[in-house]
Amino acid sequence: MAKFDAHLKCSFCGKSQEQVRKLIAGPGVYICDECIDLCNEILDEELIDAQGNPRHGAEPSKKTAAGGTRKTSKPAPTLATIPKPQEIKGFLDEQVVGQEAAKKVMSVAVYNHYKRLAWQGDGQGEAAQTATRLHKSNILLIGPTGCGKTLLAQTLAEMLDVPFAVADATTLTEAGYVGEDVENILLRLLQKADMDVEQAQRGIIYIDEIDKIARKSENPSITRDVSGEGVQQALLKMLEGTVANVPPQGGRKHPYQDCIQIDTSQILFICGGAFVGLDDVVQKRMGRNAIGFVPNDGRGRNRATRDIQAAQVLRHLEPDDLVKYGLIPEFIGRMPVSAVLEPLDEHALESILTEPRDALVKQFSTLLSMDNVQLDFEAQAVEAIAKEAHRRKTGARALRGIVEELMLDLMYELPSDQNVTAFTITKAMVEEHTGGKVLPLPGTKQHKESA
């Protein structure tokens, strides 16, 4: 038996019993004292991140599970470093076309939120000298698909240099049912912050498709609505502010799992959705139900007119309208700031193609410049692309699909053709998806136009 024991080795590092001081046996596995010390260091590091201090009697370690060192947390915002509302809106104007009213609402709301964090000072400083408590105001964005709801939230996080996470409300279910727990939203934010709890607690979470968790009727149902009203109930404490237990590996929580604690009282939640049919609810309350038909000129202008009218009606939105739509009053009360985004017209789509810093025209010009090809778009070609995107009724998302279809053959052939150094996208090429006008530079050979 002693001879057999001499061949025992650690199941993790592979060292034999003679190479270590202690070898502990388990059901079919063995672990040495060195691996136990390494595990303790990893656990100490996770507890430091979750609670801000190491375990009692243990010295903090700077090692991570990957063997590297963690970056230090960024300093908390101060009243002097927070950008003013006009500065925030100016930055949004560089990235997002149109939506002036929504950008103004969000600029003020975000400024007040981070001003509140600076005032609190993590429970110290100025806030300790006054009895006034500042409560956070989450934001509800209402607008059709492709109008810029996600981009607005993402641009705000980029400017403020805070972690940003996007969640899909349609994948969430009430605890105990198949689907994602609401705590998994916080895990995504934590991962964006490199598992830095302090940094994650100053981040922004955007919950998309929030209108899809509306309950089926205004009256409470006697049956269980695990993906509708049940999710709204589960989100209440998280939106208001609570200390949530987040499983570090995701998935369902169980009693024997170590969880990371995150305080959500400083996290800004932005919820967005299309809310199709909400304008009808508002019109019914205002007594403006119209009976009749809108003439169609064959180019879909009746649909565009209806979208614009819907956005105008939603400016008179009241909390009771959202209750009739299917959101519970407790959920609406935790989203005190709301902004309505308007549908994008053809002129706005043209601006999106050319004006922002990351405009599609600039992106594809940069891609082809890496192949020493200068790409240009005629003004009429840009108009044709915007017109086609407007016809597809998916907002700005349609633009990339159209340009990708348009550029497929060109980006396949041009990198291999050394004779072409410039290319111009024309209106005819957009309308027919064939041909193009090649503009060779002096000393280059004329490239054949495709049929």
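We number each residue from 1, going along the chain as drawn.
Yeah, the Cβs are placed from backbone N, Cα and C, and that goes for glycine too.
Taken straight from Swiss-Prot:
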- Cys10, Cys13, Cys32, Cys35: Zn(2+) binding site (BINDING)
- Pro144, Thr145, Gly146, Cys147, Gly148, Lys149, Thr150, Leu151: ATP binding site (BINDING)
- 1-51: domain 'ClpX-type ZB' (DOMAIN)
- 50-79: region 'Disordered' (REGION)
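The structure, with features from Swiss-Prot marked on it.
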residue: Cys10; record: Zn(2+) binding site; Cβ contacts under 8 Å, 6 or more apart: Val20, Leu23, Tyr30, Ile31, Cys32, Glu34, Cys35
residue: Cys13; record: Zn(2+) binding site; Cβ contacts under 8 Å, 6 or more apart: Cys32, Glu34, Cys35
residue: Thr145; record: ATP binding site; Cβ contacts under 8 Å, 6 or more apart: Ala274, Thr394, Gly395, Arg397
residue: Gly146; record: ATP binding site; Cβ contacts under 8 Å, 6 or more apart: Leu344, Thr394, Gly395, Ala396, Arg397, Ala398
residue: Gly148; record: ATP binding site; Cβ contacts under 8 Å, 6 or more apart: Val96, Val97, Gly98, Gln99, Leu341, Leu344, Gly395, Ala396
residue: Lys149; record: ATP binding site; Cβ contacts under 8 Å, 6 or more apart: Leu141, Gly143, Tyr206, Asp208, Gly272, Leu341
residue: Thr150; record: ATP binding site; Cβ contacts under 8 Å, 6 or more apart: Val166, Tyr206, Asp208, Gly272
residue: Leu151; record: ATP binding site; Cβ contacts under 8 Å, 6 or more apart: Gln95, Val96
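Per-class residue totals from DSSP over the domain 'ClpX-type ZB' (1-51), listed helix then strand then coil: 26 helix, 8 strand, 17 coil.
Neighbour density at the Cβ, taken as the number of other Cβ atoms within 10 Å, is lowest among the binding-site residues Cys32, Cys35, Cys147 for Cys35. Of the chain residues outside the ATP site list Pro144, Thr145, Gly146, Cys147, Gly148, Lys149, Thr150, Leu151, Gly143, Gly272, Leu341, Gly395, Ala396, Arg397 have their Cβ within 8 Å of the site's Cβ mean position.
Summary of the Zn(2+) site environment: with the site residues Cys10, Cys13, Cys32, Cys35 set aside, the chain residues having Cβ atoms within 8 Å of the Cβ mean position are Ser11, Phe12, Gly14, Lys15, Val20, Leu23, Tyr30, Ile31, Asp33, Glu34, Ile36. Predicted-model confidence for the domain 'ClpX-type ZB' (1-51) is 78, expressed as mean pLDDT.
Using a 10 Å radius centred on the Cβ of Pro144 (ATP binding site) and all shown protein chains, the other Cβ atoms total 19. According to its DSSP assignment, Cys147 (ATP binding site) is coil.
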